[in-house]
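Taken straight from Swiss-Prot:
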type    : residues                  : note
DOMAIN  : 4-167                     : domain 'EngA-type G 1'
BINDING : 10-17, 57-61, 119-122     : GTP 1 binding site
DOMAIN  : 176-351                   : domain 'EngA-type G 2'
BINDING : 182-189, 229-233, 294-297 : GTP 2 binding site
DOMAIN  : 352-436                   : domain 'KH-like'
Amino acid sequence: MTKPIVAIVGRPNVGKSTIFNRIVGERVSIVEDTPGVTRDRIYSSGEWLTHDFNIIDTGGIEIGDAPFQTQIRAQAEIAIDEADVIIFMVNVREGLTQSDEMVAQILYKSKKPVVLAVNKVDNMEMRTDVYDFYSLGFGEPYPISGSHGLGLGDLLDAVVSHFGEEEEDPYDEDTIRLSIIGRPNVGKSSLVNAILGEDRVIVSNVAGTTRDAIDTEYSYDGQDYVLIDTAGMRKKGKVYESTEKYSVLRALKAIERSNVVLVVIDAEQGIIEQDKRVAGYAHEQGKAVVIVVNKWDTVEKDSKTMKKFEDEVRKEFQFLDYAQIAFVSAKERTRLRTLFPYINEASENHKKRVQSSTLNEVVTDAISMNPTPTDKGRRLNVFYATQVAIEPPTFVVFVNDVELMHFSYKRYLENQIRAAFGFEGTPIHIIARKRN
């Protein structure tokens, strides 16, 4: 199920990042007063009343050295392409500007719902200035103050009123939904072609040349799959096609729709920081993961080469210690059969449930082998544990004091649960909760 996407659009320094942070409830973008300083995360989850949605701060998407007006135009186009509802932000202190009118002209053509937010309305006297923005043609402007959190409720009421009915999932629940992610030119398109056995995706050697892709259904050895091909993250002919953050946005959307994510790395080039960033998105969303080392045919090998490379992967991707590693050559179509058992096992474990009685036996044994920690004379008491969710498997451990559950002991319990039940290919989450 894909959540609606809300994009915040506006010229620099109208307060997009401040509102973004208010809506998602945490400071995930760096905010300064100088135009163009938004960094870090541009995509997060929000909720209002009974509605869950994803939200984009387009100010975080930089278009290289493109001219100022081109940047604003590109950000508006990204919002039009990706969003279900657009929040168009202006700034009451600076009034209506030529840049605001330029963004409005682009948004008129979008045929997407646009909610006009007038920011920095920090007191009642400033509300009369809001009416100047009616001339933009988007109906009632909503006065808000990002710095004080005023007016956000009315703004979000207007935003969620444009959400349609939730779409039914078109695929059977036994169908494994696969997304394929990785930095440009690691061979994502070639891997899709190798799996499908046909040249469905146009492939060239220039990073970022793959056109938009659609879902493709596929069966192998009695199991149905849907490939959500994220190799087509970048749209050709657009000014923003070269921005890494835009391609990340497209990948995040695909990851959200997946059960299992194939993280593709290039055996020839080795592992770089961008690989870890891309893989981190799948981990953060709690998806099952298989690491695919592609272009294995290009590496000179002896009997120890694979083990050495695997050790390197484990060292660089410590947060993915649960993921299995497949070595393949998409171009030569070799070793692809090793992929599917890993995919199937990861998917199965992502949905695995364990009985509470068996789980508590494992936890009790773990505590007897390694007693719970103490802090200032107080010992952590673990009363019982239960599984509360799947995809990913999530366990609640009821304790006397949550503060006494140190990260290291939680990690120890996770390792013991994994040793008992497997869970290869999937993250598991452990939540400490105080017993009432």
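Glycine is treated like the rest: Cβ placed from N, Cα and C.
Among the binding-site residues Asn13, Lys16, Val121, the residue whose Cα lies closest in space to that of Trp296 (GTP 2 binding site) is Lys16. In the three-state DSSP assignment, the secondary structure recorded for Gly182 (GTP 2 binding site) is coil.
Separating the Cα atoms of Gly182 (GTP 2 binding site) and Asn13 (GTP 1 binding site) is a whole-number distance of 32 Å.
For the domain 'KH-like' (352-436), DSSP puts the residue distribution at 32 helix, 24 strand, 29 coil. Lys188 (GTP 2 binding site) and Thr58 (GTP 1 binding site) are 26 Å apart (CA-CA, integer value). Nearest by CA distance to Asn185 (GTP 2 binding site), out of the binding-site residues Asn13, Lys16, Val121, is Lys16. Remark: Val121 (GTP 1 binding site) has Val92, Arg127, Asp129, Val130, Pro143, Ile144, Ser145, Leu150, Gly151 as non-local neighbours, by Cβ distance under 8 Å and separation of at least 6 in sequence. It is 37 Å from the Cα atom of Asn13 (GTP 1 binding site) to that of Lys188 (GTP 2 binding site). Taken together, the residues in the domain 'EngA-type G 2' (176-351) have a mean pLDDT of 81 on the 0 to 100 scale. A gap of 34 Å separates the Cα atoms of Lys188 (GTP 2 binding site) and Gly10 (GTP 1 binding site). Counted within 10 Å of its Cβ, the other Cβ atoms near Trp296 (GTP 2 binding site) come to 22, all protein chains included. For Asn13 (GTP 1 binding site), the number of other Cβ atoms no farther than 10 Å from its own Cβ, over all displayed protein chains, is 17.
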